[in-house]
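Asker: According to TrEMBL, the feature transmembrane segment maps to A:21-42, A:48-68, A:80-102, A:140-169, A:181-208, A:214-231, A:260-281, A:336-358. Under the heading domain 'ABC transmembrane type-1', TrEMBL lists A:144-354.
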């Protein structure tokens, strides 16, 4: 009748002492109090307070835990504290950058800023803005247009070259040529951006005469930086397409090129597309190569094949380093921050788009 | 449909390594031929050589003749793509295309080759192939759902439907049931019994009961040791291989006394 069940014991051998649930929180408060006291003795400053607090908290928690719970749990708590601290440290610069860009960028940012150029805006207007309270005029429309055109051109150049290179490397490349290409792509990944800019400037100087600067030259400079990123990311994505799918297509009598176009690329497209978007985000903020290739201008130029073309990073650089009015630099700095804010928004949008694309194209497994 | 295969003194190499040596055999049309043997003895390699799939691996090559109804598959100028259109293959692990629906997976062989079809024609091919693979009743309401959402056994039958949709002469199966449970295995074995009325079927299996259940003829492959080439030891009617084989090694293997 009775099943073989064991009677519960009064004390279990499986349990051991544990710290109270709120013990770490209590210790944290105590550590904060002690460190505030200590810091006040030495000379109070926030970094010192935080540093002392973390050290005291980690030491106290480990000691208490070692006394109550034993060595393994104590080590666990110490390492957990260190990891969380490292994570918080890593977040500080990110939050600080976003905070300062938003805080400084909002004052000049607005519809007017995005829809007007700097043509005929001089230091005189800036002085009036500061002294008489006249509205801030002049915006980054020309730079926004330039950035979009140059980046779009760079993408149009880089994506076909990069994607085809990665297809060659994954599907066809064998032996020395493939190894050489991989090597040079690695080298290209490490090229300093100013070198890419000088290369494009020199190329255009040879082809079209010294001093040739236009948006297309900027796009070429950016492609030099973008191609290796596209090759690398799409190569990774193509490599993780299972070989079984290739074999399945072969076994149906599908020629290789069609197998690649109709099976391999669609399977990897979500990763490729998000890789491309991230590559765009990577080059959209490049400054040095554009300064030496596309130059500066205060007017709207929508033709990338002639005349100088402004871009957002060059706009930030020129207004921050050479304000329109030497005596009243603040309006120029405000514009530079607003342009930086615009750039951050563009990069964030691109990252968002990359995620949406990855989600939209991802192979579906729903039932 | 369905053609016979005659193999004459076939050697298969991976680079300089001789993987399979001196195999000659006849595979009858409209029959099921099973390949059995220990792991690494070259059954799968030999099977893949029958529709030139082994060429996908760099460095793989063959010497000898494989005749499909008298036409040499390895003659100069033969396009492997044309060979594979006549000799289809089902793999060990189900591998439906993850970007395609159930219907598109079945039609993949036709669509990937850009064959023009009307909607009704395509529906007809899809239904016929799925019925042929005993899958129609289970998926007819979800033809537009992703093929990767089916269960493992259904996916494998989907792959069989995909293979027969292009109406090959021969169907090669490389351990088609090794990743499946007994019920799905039974479904596929039943299917093999039906398919042999129209197709020439060659199946590699590690499961000797399966070979005994489904095949008309059985070929036993063996290997003398690691690094040595695999060889065809014996090929005969399945009943004979499993009751009174001509070679001692075969008897040891089928009776489980081996290794």
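Cβ atoms here come from the backbone N, Cα and C positions, even for glycine.
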Asker: Restricting to the same chain and to residues at least six past its boundaries, which positions have a Cβ under 8 Å from a Cβ of the transmembrane segment (A:48-68)?
Answerer: 17-19, 23-24, 27-28, 30-32, 34-36, 38-39, 42, 74-75, 77-78, 81-82, 85
Asker: Counting only residues 6+ away from its ends, which parts of the chain sit with a Cβ under 8 Å from the transmembrane segment (A:336-358)?
Answerer: 98, 101-102, 104-109, 113-114, 139-140, 143-144, 147, 270-271, 273-274, 277-278, 280-281, 284-285, 312-313, 315-316, 319-320
Asker: State the residues, same chain only, that lie 6 or more residues beyond the ends of the transmembrane segment (A:260-281) and have a CB under 8 A from a CB inside it; answer 'none' if no residue qualifies.
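Answerer: The answer is 151, 154-155, 158-159, 162-163, 167, 171, 226, 229-230, 233-234, 236-238, 240-241, 245-246, 248-249, 254, 347, 350-351, 353-355, 357-363.
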